[in-house]
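Q: Please see the structure below; I have some questions.
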């Protein structure tokens, strides 16, 4: 929403050489600033005590003991409730997703509603004649024993696969479009912005969004679209944290405490999605809270929520194997120093993947906004049909991505040369015919290229969509293809561990698309338990990060989406060239000198009128408080600053009718205690910030930026010799910073408009051919 200054007839100060940042509101880098409310972290810290003090005083006699007990237990009750709900939703998502995916290939003989894991839970191993916990790659025994019925025939399985894929995608996109539009996409970018101090639309973390995201996400994944659940898991987990804290801590919730709960919940979302609790905690530190100080309190809350959430998930046991990890992989053959060049090559691939896939995805998002925004449902149906049609004939694309990676990560032969896996990938040796080798190698390469392209066009469609697992799937097929070449032409069989190459490739692409390092390393270890490959993994991730850094990419896909969508976000410090440019400008040039001010003494009726008039006309969000004796002066002295939301809350607490409001005086410089029992007088001193952050006119913009980032304030007063000159807001300085970047370096993202028009012409021609008859009428 607009900044806190508005034009009035009598501006304060001369306003010479002021840069009007509002004229740049419509540039892409700032297009959605008005959808966010800047949070004044300093002012928010005092809100609960000041606004609720009267109510607390009146009720303290009756609620004292209950409140003491609640005060001691509320943190753990809130954290535990949040974690348990997140764990339950994660268990539901896993079971529901697997059920829908399995329906595309068969059904349970005794109960159609059971997925393959539950249906085959009691399968008897023909070798040991014992009932084992089902392992992903032992499911063929379930079919052999008649517990699971696969679709038979040559055409029927294909038709069922296609129909269910399109149906699942259709239901998912309809739910998002017509019921909860905020449930679309990943949600990580918006959460990062929210945590950094810019509050988004309340519906984004609302109950309806939580429900639809939890239902539409498994439908989208089951449709076969190249989307993952990890990003949306962060979103639904954050919804849980937000809703439960608002409900349980509504009387004492401040921004800083809410930030801690939201960060902890987001980390738990990653923890339950990957089965990686420590990785989830690190994700909250490295990704979500990167623009904020991650203190020990936040770290502890993140740890506790991840612990309880993952314990809840283990109790539910959605995989029916007693574990919470996606892949049960063990590598007992150590790596060799001679393999380091190959590890470096995998890291280079991960860096290039992150660079180009994010770039192409951003270009396609621009194309979608320009030409496809009116047909979101049709776009999803087309993508689902295309994906299913291509994937059906390739094993590594047809399978669910996590199941496919389970195959690719698996170790074929142990150190004693005994086979642990019967997949055809493990039947290749020096005696394998070249045609068979090329068939599997080509299948892996095809899956790599097609999956990467599908990620480009699928991420951002009108369904819940993550990009972590699809990127890992691309890296896994590439890494396994590389291992085939190494075994065939360099090392020979039984020397390297092919599954480890898939594992390292997945880590490379995950790091490439997210630009995360420590988080990726820990998540990959928790996913697989492959601790023997810690050094190769660190090499791969380091090389990936080096490639991204040398390419000028400083953030992952979430950070780039923030810029693409024009969200406000206080980025890390600017480079030297940008800092030198900003040093030339001062607060005087950036500030707004046209303000609405409030005198320290004012009638309640005037205050109400000013409050609601500003709401309708200007959407002002704060007011400087000035001395009474300066009421008719051009130069005013500022004694404080009050947020509009605090002012509205305080006025609502007053039991004053409209007639009495005309004679009731409000004192911003006195409290009710100071006024005593004076009739028709109210003290508002408790909601006024008596020491707002202020600077001189000559302060450089670079210093202002650091103040906003480190202090977390919403506005900074510009004064000179005690005289109020203007205001600078966080959005002002962000607009200015991005404007100057655009002037010096050009647009952050450039698009080939001519190519977009040609592509749209082709698409439009095809659509027209299939939707009109010979007479030109729509079919």
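Glycine is treated like the rest: Cβ placed from N, Cα and C.
It should be emphasised that the depicted structure is a prediction, and the values quoted were computed from it without experimental measurement.
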Q: Tell me if the membrane topology in Swiss-Prot places residue 488 and residue 73 on the same side.
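A: Taking the topological domain names from Swiss-Prot at face value, residue 73 sits on the side where residue 488 is.
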Q: According to Swiss-Prot, transmembrane segment applies to one of these ranges: 437-457, 563-583, 584-604. Which one is it?
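A: Here Swiss-Prot associates transmembrane segment with the stretch 437-457.
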Q: Other than its close neighbours in sequence, what residues sit by the topological domain 'Lumenal' (358-369), given a CB gap under 8 Å and a spacing of at least six beyond its ends?
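A: Distant Cβ neighbours of the topological domain 'Lumenal' (358-369) are 379, 455-457, 459-461, 513, 553, 556-557, 560, 564, 749, 751-752, 756, 759-760.
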Q: Quickly jot the same-chain residues contacting the transmembrane segment (297-319) by Cβ under 8 Å, restricted to those at least six beyond its ends, or write none.
A: 75-76, 79-80, 82-84, 86-88, 90-91, 94-95, 98, 117, 237, 241, 259-261, 263-265, 267-268, 271-272, 275, 277-278, 280-281, 284-285, 289
Q: Should anything in the same chain at least six residues away from the topological domain 'Lumenal' (286-296) have a Cβ under 8 Å from its Cβ atoms, list it; otherwise answer none.
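A: Apart from its flanks, the topological domain 'Lumenal' (286-296) reaches 188, 191-192, 195-197, 234, 259, 263, 266-267, 514, 516-519, 556, 558, 569-572, 709.
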Q: Would you report the average pLDDT that the model assigns to the topological domain 'Lumenal' (458-465)?
A: 94
Q: Counting only pairs at least 6 apart in sequence, do the transmembrane segment (501-523) and the transmembrane segment (265-285) share 3+ Cβ pairs under 8 Å?
A: yes
Q: Same chain, outside the transmembrane segment (265-285) by at least 6, Cβ under 8 Å from its Cβ: which residues?
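A: Same-chain contacts beyond the ends: 82-83, 86-87, 90, 191, 229-230, 233-238, 240-242, 294, 298-299, 302-303, 305-307, 309-310, 313, 323-326, 516, 518-519, 522-523, 526-527.
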Q: Have the transmembrane segment (370-390) and the transmembrane segment (155-175) got at least three CB pairs under 8 Å, pairs 6 or more apart in sequence?
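A: They do touch: at least three Cβ pairs between the two stretches lie under 8 Å.
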